[in-house]
């Protein structure tokens, strides 16, 4: 069933990334950290100052879930509610389509922040299988924050976000998923020297000072 849905999705969104010149390949920064670490807030500031395009895997999935007539909506809803990771094929299709659309509109828009991905080994292997040679992962921007701070921030956000997963039960599941599945991916990139760690426990302004130091150095 999932394979059939994905085949249909791919036909509707044929990849053009393989036809782009090397200099125009998407330059990707993976943005990782626990739920509530401030990834989205900091990405918005990076976009404003450095001109990256911000793609949130979670936002893309939520938008697809709510899109009228979506073939994946119900499936995505069930995974998100349980705090589980959505099948990698769906997420990569959505990310690839978003990058393609951005670059077709403006060839100068080839730098992307991919927020909340890859979240597990399956995500990482799926990305490599689908995107090797089509996108260049420059480094991982890791927002490091304690679990309790993450939970408190999300609970506060939940008062106005309208997100069904901003409640303590879902958050505790998401934290466990992060520790068991995502943290090993960050550790893996760390061994390759591709992690740029930021202490995310401070204020938005304090954290962004550290982010700027990293991006100014990376170029």
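We number each residue from 1, going along the chain as drawn.
Cβ coordinates come from backbone N, Cα and C, glycine included.
Taken straight from TrEMBL:
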type	residues	note
BINDING	36, 37, 38, 39, 40, 41, 157, 202	ATP binding site
REGION	56-86	region 'NMPbind'
BINDING	62, 84, 85, 86, 116, 117, 118, 119, 163, 174	ribonucleoside 5'-phosphate binding site
BINDING	123	CMP binding site
REGION	156-166	region 'LID'
Helix, strand and coil totals (DSSP H, G, I; E, B; other) for the region 'NMPbind' (56-86): 19 helix, 1 strand, 11 coil
Helix-strand-coil residue split for the region 'LID' (156-166), DSSP-based: 6 helix, 0 strand, 5 coil
36, 40 as binding-site residues, winner by CB count within 10 A: 36
Winner by Cβ contact number (other Cβ atoms within 10 Å) across the binding-site residues 39, 62, 157, 163: 39
Intrachain neighbours beyond the region 'LID' (156-166), with Cβ under 8 angstroms and 6 or more residues off its ends: 36, 62, 80-81, 83, 174
Nonlocal residues around residue 116 (ribonucleoside 5'-phosphate binding site), in sequence order (Cβ under 8 Å, 6 or more apart): 31, 32, 39, 56, 57, 58
For residue 37 (ATP binding site), nearby residues of its own chain (Cβ under 8 Å, 6 or more apart in sequence): 143, 144, 145, 150, 153, 200
Around the Cβ of residue 85 (ribonucleoside 5'-phosphate binding site), the count of other Cβ atoms that are within 10 Å: 20
